[in-house]
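Reading through the structure tokens given below for one structure.
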Amino acid sequence: MLVLFETSVGYAIFKVLNEKKLQEVDSLWKEFETPEKANKIVKLKHFEKFQDTAEALAAFTALMEGKINKQLKKVLKKIVKEAHEPLAVADAKLGGVIKEKLNLSCIHSPVVNELMRGIRSQMDGLIPGVEPREMAAMCLGLAHSLSRYRLKFSADKVDTMIVQAISLLDDLDKELNNYIMRCREWYGWHFPELGKIISDNLTYCKCLQKVGDRKNYASAKLSELLPEEVEAEVKAAAEISMGTEVSEEDICNILHLCTQVIEISEYRTQLYEYLQNRMMAIAPNVTVMVGELVGARLIAHAGSLLNLAKHAASTVQILGAEKALFRALKSRRDTPKYGLIYHASLVGQTSPKHKGKISRMLAAKTVLAIRYDAFGEDSSSAMGVENRAKLEARLRTLEDRGIRKISGTGKALAKTEKYEHKSEVKTYDPSGDSTLPTCSKKRKIEQVDKEDEITEKKAKKAKIKVKVEEEEEEEKVAEEEETSVKKKKKKGKKKHIKEEPLSEEEPCTSTAIASPEKKKKKKKKRDNED
């Protein structure tokens, strides 16, 4: 049986001399305690040495992926096929590939693993012609090269640095806000007017660090930090400040907090520049499309640039809005149109009605840029610049769609109404004051004429009745002299007679005119009786 043993120096093929001892797996390690004992079990048949580390790296990457290298294929065809013996391999996947392509019987078992372990322990004595120093140097170089290959390592392409940098940048922003708020509240007890005069946080902390107590503002020179007008205003406010007095220990603690704020803000600017440079080195096209901050947040959200490249455009569009997405799906409402990509400059400068369209188009182009940066060999940002120019042109067409110029026959079709200045004097309509519902019905001309005739007839009848009533009243007045009881009854009848024509007929003007005449006649009769 032959044994294929891979080393960092080259391929070694051993011949098993005593196969009976392989049956005792538990005691096989005793046979490899010394080089002499090991030479009695296995013997080197062929050794194929690598020329350099690059060749060794290519061979081992092929073995890791379960593939056969060209160099290994030549060795197996030359040595193993001629021997017509089974081949022991350390990897079952590699054995399957060898059997498929070269038609060689391969063995992989716990016995083979124990045999490989014994050969590895006595490798210096079993492989002559290779110095231990050379073996150690090749092992170290191959280990570094293999690690770089497996981790996709590159000095310029480390997306882990971007993930950590953007996370630290967000943490620094939160800490700075907390520290600045605490500093303003703390020093506000001593000099509250300063917070209203100086709005910039960093300038505020620098002024505190330079002056300290409120009494020192009169003699302090703040021309390096503030304009002349603001400096004069600060000094004037310090003289008439309504703040309380504080001790020197309080001022020392406030100043120490100010130094912390200044140092953190300076480190934040340095970290932001580092992030910009790292993004331009790793993902230049993504940086051009969405900016360094949004691009870094997308990479951090996905975990790495390779993971982000595996996402679809629709996923990248709503990346960062997972809570809103699942909430919308649960409540069966409209899903969100954008996530982290909303903070890109192209989406921000768009009108609200076009934000959804632009975010969808930007996500599609950003995915192309991500995949180009992740898998492309070229590190230029030409593709990103070209796609951004297309998106900006598309954005201009969307914004100017309603303001297009009319040319040709369109001018004749587009009729514009003439402008007329209406300066008519309007009167107040009191009919709108009533809250009662009014329903105005139009009447026909014939009906109006008939109604006029009826009213005229009623008026004539009313005049005749008034004359009759006057005559009857005269007779009744004469009868009133006999008895007072009869007079009262007659008076009741008079009232009854007066009310009947009013209830039956329409209101007329003649009755209203006749009533004062009746009263005069009654008075005359009463005077005559007396």
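Backbone N, Cα and C atoms are what each Cβ position is placed from, and that goes for glycine too.
Swiss-Prot annotations:
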COMPBIAS  469-482  compositional bias 'Acidic residues'
CROSSLNK  Lys157  SUMO2 cross-link
CROSSLNK  Lys353  SUMO2 cross-link
CROSSLNK  Lys411  SUMO2 cross-link
CROSSLNK  Lys415  SUMO2 cross-link
CROSSLNK  Lys426  SUMO2 cross-link
CROSSLNK  Lys441  SUMO2 cross-link
CROSSLNK  Lys444  SUMO2 cross-link
CROSSLNK  Lys465  SUMO2 cross-link
CROSSLNK  Lys467  SUMO2 cross-link
CROSSLNK  Lys467  SUMO cross-link
CROSSLNK  Lys467  SUMO1 cross-link
CROSSLNK  Lys498  SUMO2 cross-link
MOD_RES   Ser109  phosphoserine
MOD_RES   Ser304  phosphoserine
MOD_RES   Ser351  phosphoserine
MOD_RES   Ser484  phosphoserine
MOD_RES   Ser503  phosphoserine
MOD_RES   Ser515  phosphoserine
REGION    409-530  region 'Disordered'
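Shown here: features listed in Swiss-Prot, placed on the structure.
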residue: Ser109; record: phosphoserine; Cβ within 10 Å: 12
residue: Ser304; record: phosphoserine; Cβ within 10 Å: 17
residue: Ser351; record: phosphoserine; Cβ within 10 Å: 10
residue: Lys353; record: SUMO2 cross-link; Cβ within 10 Å: 8
residue: Lys465; record: SUMO2 cross-link; Cβ within 10 Å: 17
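Note on proximity: among Ser109, Ser304, Ser351, Lys353, the recorded positions of the record, the Cα nearest Lys465 (SUMO2 cross-link) is that of Lys353. If you measure from the Cα atom of Ser304 (phosphoserine) to that of Ser351 (phosphoserine), you get 32 Å. Distance between Cα atoms for Ser109 (phosphoserine) and Lys353 (SUMO2 cross-link): 67 Å, as a whole number.
The secondary structure of Lys465 (SUMO2 cross-link), as reduced to three states from DSSP, is helical.
Following the DSSP three-state reduction, the secondary structure of Ser351 (phosphoserine) is coil. DSSP gives Ser304 (phosphoserine) a coil state; it is part of no helix or strand.
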